[in-house]
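A short worksheet on the structure shown next.
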Amino acid sequence: MNARSLNLVGLGLVGVVGVAFLVLVPRVVELDVVLELTVYMIMAILALSLALVWGYGGILCFGQSAFFGLGAYTYAIAMFNIGESTVPLLLAVIVPAAFAALLGYFMFYGRISDVYLGVITLTVTLILFNSINSTAGPEFHIGSARLGGFNGIPGIPPLNFPGNKAAPIDLEGMFYLATAALLATYFGLRLLLASRFGRIIVGIRENERRAELLGYDPRAYKLATFTIGGALAGFAGCLFANWGNFVSPTIFGLAQSAQIIIWVIVGGRGTLIGPIVGCIGIQWLTTALGANQPSGGSDLWAKIFANAPLIFGIILIAFVLLVPKGLVPTLGDIGQSLLASRGKGAKRLQPKRAEEG
Amino acid sequence: MDLVALLAIQVLYAIASLALISVGLAIIFGMMRVINLAHGEFLMLGGYAAIVATSHGISIWIAMLVVAPIVVGLIGVIVERTIIRFLYGRMIDTMLATWGLSLFLVGLTTAIFGNTTVGISAPLGSFQIGAYRTSVYTLFVIAVAAVVLAAIFALIRWTRLGLIARGTMQNANMAAALGVNPPRVYAVTFGAGAALSGLAGAVLAPVSGVFPTIGVAYVAKSFITVIGGGAAILSGTVSASALFGTINQIATFVTTPVFGEVALLAAAIILIRLLPQGITGRFFRRGL
C-alpha cells in the first residue's frame, strides 16, 4: 500500500468513526457523559486551531487561548446586546480573526523571530487577562453586557436556530453541533492543507528563506495562517461560552494556553488527528484526576495526584525530552518500521524521504 | 515638591524591581540562549525559601540575602543537569520543557504550601517626605538592585570566572580546547541566574506576599524587559528597566496599577516592533 492510498484509508476511517460517534453516542450514554463529551469536542476544535498554526504553519503561539477567550467574550457580550445568536456567532469568529490579523501584522511584518513570537503572544494573553480581570465594577460594560471582571459573565443565552429566537439549542443539540463542527473543521483543514496554500505554508515552515527566494511572501502566508487559526479558536470559544453559559477571565489564562500546547505536543505536531487525540486524552485525564479530589485530606500523595498543573508539567517535560515528535507520528514511525521489516522490505530499497524539520 | 520626590522614589523603585526580577533571566538568556519560562517560579521559590527560613527563626536578612539565593541556585543546578542540558540548541523545546517545569513547580508548591498567600512584614518602618510617608524598605530594594548590578558587572568584567564564562558563551569548542569544562560552566551559569532570581523573589516577598502562582505576575514583565533590552546583559537590563519602569509607574500614578502593567506590556510590544534587536541592538552596543 502506498502513502497515498494509506492517506485515503486514514481519511475514510476518521470520517466513519466520526459520523458513528456523532450518531451513536447520544443514543447510548447518559446525558452527563454527553455533556462531558461536548466540551471535549469543543476543545478539540481549539486544539486543531493550534495544530494548524504551530504544527503546519510553524508559528509557535503561546497565546491561542487569547483568541479562544476573545471569541467567548465577544459571543457573550453580543448575545446580551442582540439576543439572537446568528450575528453574535459570526462576531465571535470575526473579532478574534481581526485581532489575530492585527497582532500577526505587527509580528510577521516586524520579522520577529520564532522565539520572541512565543513571548509576545504570551504577553498579549497576559495583557488581556489582566485587563478583563480588572473590570469587575459596574462602570465596565459594553452596551447592556457587564464585563464582570474576575467574576466572569454568567447566564449567557445559548445559541438558537438561525433566525428563530424562540428555539434555543438544547444540550443534546449542542453535542451534535460541536461534533459536526469538529468533523467539519478537521476535513476543512485537510482540504486546506492539500491545497496550494497548504503546501506553501508547510514549505515556509520547512525553510522560510527558500520559500521566499521562490517568490512566496512568507509574511503574508504566515499572517493568513495565523488569522485562520484565530478565527477557529474564536469559534471554539463561542461554543465553549454556550456550553457552560459562562465565561471568566481564566480562559485567557496561562493554564489554558499551556493546555493547548500540551494537547498538540502530546498528540504530535504536523498531524491533525494527533492534537485531537491529545486533547481528548488530556481532557479525560483532567476529569479523572479531578474526580479523585480528596475532600480536605492531608495526604501529600493524594494532593499530588489531584493536582492538574503538576501532572501537566510532568507530561510536558516528559514528552519534550522523550517523545518530542508526539504520540501519533511516533506510533506511525513504529508501524511503518514494523511493516517494512515484516514484508520484503529487506530486498526492496526504500526511496529516501525528503528531509524533515 | 514632596509629591515629585515621592513619585521619583516610586519610579526608581519600579525600575529597581524590574531590574531585580529580570537580571537572573537576562544572564541565563544572554549567556546561554536558553529561554527559561520557569523563571517566575524561581522567583516564587526564592520567596518561599525566605519565608520558611524566617519561620524557623533565622533572621530575615540572612533568609533573604543568603538562604534564598543558595536554595534556588541549587535547584537551578539540578534543573540544568536533569532537563536543560539535553536541550541545548533546541530553543523551542527548551521553552516548552521549562514551561512544563513551571507548571510542575506551581503544582508542587500548591500541594505543599496550599493555595494561599503567605507574607512576611516588611522590616524597617517608614519615613516622612513632607506630607507623605513611604517605607524605608522601598529604598532597601533600590539599594539591593544597585549592588546586585554592580556586583554582576564586576564579576563578568574583571574576574577570571567572568572571563571563562564569557569565553565559553562565545565559543564553547575553543574554550574546551583551552582546558575549560563547558558543561560545568553552563551548570554554574544557570545556577547563578537561578540564585539571582531567588534573591529577587525573596527581596520582593515582603512587598507582594508569596503564593504558588505569583510567578505569572513576574514572568511576562521580566521577559519583555530582557527582550526589550536586547543582547547585552547588563546595559540591556538596566536600560529596558529604566524605560519600562518609568512608563509603568507613571501610568500607575495616573490611572490604576493594573493599567500601569497594561501600559508596560503595550509599550514593550511597540518597542519590539520598532527595535526587534532590543534597545542594545541599536544603542549602547558596546555595553556588557
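The backbone N, Cα and C atoms fix where each Cβ goes, and this holds for glycine too.
Annotations in TrEMBL come from automatic prediction, not curation.
If you check TrEMBL, you get these features:
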TRANSMEM  B:6-27  transmembrane segment
TRANSMEM  B:34-52  transmembrane segment
TRANSMEM  B:58-79  transmembrane segment
TRANSMEM  B:91-114  transmembrane segment
TRANSMEM  B:134-156  transmembrane segment
TRANSMEM  B:186-211  transmembrane segment
TRANSMEM  B:223-244  transmembrane segment
TRANSMEM  B:250-275  transmembrane segment
Range from B:34-52, B:58-79, B:186-211, B:250-275 with most C-beta pairs under 8 A to the transmembrane segment (B:6-27):
B:186-211
Between the transmembrane segment (B:134-156) and the transmembrane segment (B:223-244), are there three or more CB pairs that fall under 8 A, provided the residues in each pair are separated by 6 or more in sequence?
yes
Should anything in the same chain at least six residues away from the transmembrane segment (B:58-79) have a Cβ under 8 Å from its Cβ atoms, list it; otherwise answer none.
38, 42, 45-47, 49-51, 101, 120, 123, 144, 187-188, 190-199, 201-203, 205
